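For reference, the structure is listed below as structure tokens.
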Amino acid sequence: MKVAKFGGSSVADANQFRKVGNIIKEDDSRKLIVVSAPGKRHEHDVKMTDLLIRLGNAYVKDEKYKSYLITIMDRFSKIISELKLSDQLTKEIEDKLHSIMTSDLAYDDMLNCFKAVGEDSSAKILSAYLQSLGIDAKYVNPKDAGIIVKNDPCGAQLLPESFEAIYELRQEKGILVIPGFFGYTTDGILATFSRGGSDITGSIIAAGVKAELYENFTDVDSVYSVNPSIINNPKEIKVLTYREMRELSYAGFSVFHDEALIPAFNAHIPVCIKNTNNPSAPGTMIVANKKPNSKCVVGIASDSGFSSFYISKFLMNRELGFGRKLFQILEEEEVSFEHAPSGIDDMSIIIRDSQLTEEKEAIIVERFNKELQADIVTVHRDLALIMIVGEGMKETIGMAQTATRALGEAKVNIEMINQGSSEVSMMFGIKSNDLHRAIKSLYNAFFE
Ligand SMILES: Nc1ncnc2c1ncn2[C@@H]1O[C@H](COP(=O)(O)OP(=O)(O)O)[C@@H](O)[C@H]1O
Ligand SMILES: N[C@@H](CC(=O)OP(=O)(O)O)C(=O)O
């Protein structure tokens, strides 16, 4: 039994739905299907989820929202009519949006309900389309599938008891089409995962039903060794370990959500990234172990939008409780950190920009100065992180040298290096402006 998840690009329009139908027809073992909301049809298009967020925000703030509603409904009704499905489906989606508007839900819960309409409608459309092809298929709501979550502003978290209920889906006849991206709390409140979270639903379902394979269909033939928008035609990756993929996804390989690896990894389910537009391509396999390879670097990921606090204090290393007090300040200010490389007398705390408003920054700097009695506290904005990833990197001599030489040749100043804790990656902090130059030079050094 396989679980197949189709991302936004795979359900962007009626033609993409037809390709999905063919892929499902082609293999009887594809029993559980997870879908995203319609994604971008071209570079400048807007994802359905973003349209729904705009609609939700405008509605709850009492601003003009009708134009968003029209755009959303036009898009769904075009897909539905081109697939020659009943108008009743369009009405059902519109009614759903109106029922959210007239509900007495709290602001955040209402916004989650709006966001979920994208995947919910995709699943309804796909199941109706499969039925129209004579396939025994049905829509299954995540609540009925057993996806029970804890709500969290940064994205819902699955409760482990869900797996038992999900396992029961094995008994169901025919193909089950489940919307990705959301679950329900024990109180029955709808909660969404973080952005890109339909990958998480797919992985949860695959782990729950103990699938033989979790296929993740997207719009590229494989995971590439670097983001294809930075390097033209980069090398394809055939096999990756869970650990490698998690590090790469975390650091910017948006093709697969980093949190989506955990359920599959814990349940030992292999994952295959495949292309809806070219399903015969073998794709990239993500597995627990792979044969050692002399070229141990598999990928170079990067992401911008980071800032760092630099804190220096003479004899920091001897001051009992310094780290605790520092992290307590961050916790009290509700700021989570990404990395914290440290030296004898200094420490850098890397934070995502989304966590750090200018107001927050000023408060934290003041508290670090006052409560930690720091000698120096500075803030560095516009940072980008680069993660060089590969099993066996730690045991291979010369990795750091190759990377630093490549960055040096590209005249990129290294703001921070972190190789300590992860066995499979090495991280560099640089200025965002230098990012493309740095990646090109690193790619040449490790792959050309
Ligand atoms: N290293 C990488 N390998 C492949 N694709 C990548 C990589 N890094 C970023 N991407 C981007 O990820 C996109 C696919 O992910 P996403 O847009 O989330 O797809 P979906 O619509 O299927 O959810 C690709 O089109 C590509 O631009
Ligand atoms: N539609 C949601 C969830 C998702 O996974 O989408 P996609 O498969 O297009 O990345 C989002 O845009 O965040």
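First residue shown is number 1, and so on along the chain.
Backbone N, Cα and C define each Cβ position, glycine as well.
What TrEMBL says about this one:
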{"type": "BINDING", "residues": "Lys5, Phe6, Gly7, Gly8, Thr218, Asp219, Tyr224", "note": "ATP binding site"}
{"type": "BINDING", "residues": "Thr49, Glu119", "note": "substrate binding site"}
{"type": "DOMAIN", "residues": "388-448", "note": "domain 'ACT'"}
Distance from Thr49 (substrate binding site) back to Phe6 (ATP binding site), taken between C-alpha atoms, in Å: 15
Alpha-carbon distance [Glu119 (substrate binding site); Lys5 (ATP binding site)] in Å: 12
Residue among binding-site residues Gly8, Thr218, Tyr224 with Cα closest to the Cα of Thr49 (substrate binding site): Gly8
Nonlocal residues around Gly7 (ATP binding site), in sequence order (Cβ under 8 Å, 6 or more apart): Ser36, Gly39, Ser198, Asp199, Asn216, Phe217, Thr218, Asp219, Thr276
Glu119 (substrate binding site) and Tyr224 (ATP binding site), Cα-Cα, nearest whole angstrom: 27
Pairwise CA distance, Glu119 (substrate binding site) versus Gly8 (ATP binding site), rounded so that it is a whole Å: 9
Residue, out of the binding-site residues Thr49, Asp219, whose Cβ gathers the largest set of other Cβ atoms within 10 Å: Thr49
Among Lys5, Phe6, Gly7, Glu119, the binding-site residues whose C-beta sits under 6 Å from ligand 1: Gly7
Binding-site residues close to ligand 2 - of Lys5, Asp219, Tyr224, only those whose C-beta is under 6 Å away: none
Average model confidence [pLDDT] within the domain 'ACT' (388-448): 90
For the domain 'ACT' (388-448), the number of residues DSSP places in helix, strand and coil: 27 helix, 12 strand, 22 coil
Mapped DSSP class for Gly7 (ATP binding site), helix or strand or coil: coil
Which same-chain residues, if any, lie at least 6 apart from Gly8 (ATP binding site) yet have Cβ under 8 Å of it: Ser36, Ala37, Pro38, Gly39, Lys40, Lys47, Met48, Thr49, Ser198
Largest inter-residue Cα distance among Lys5, Phe6, Gly7, Gly8, Thr218, Asp219, Tyr224 [record-listed ATP binders, Å]: 19
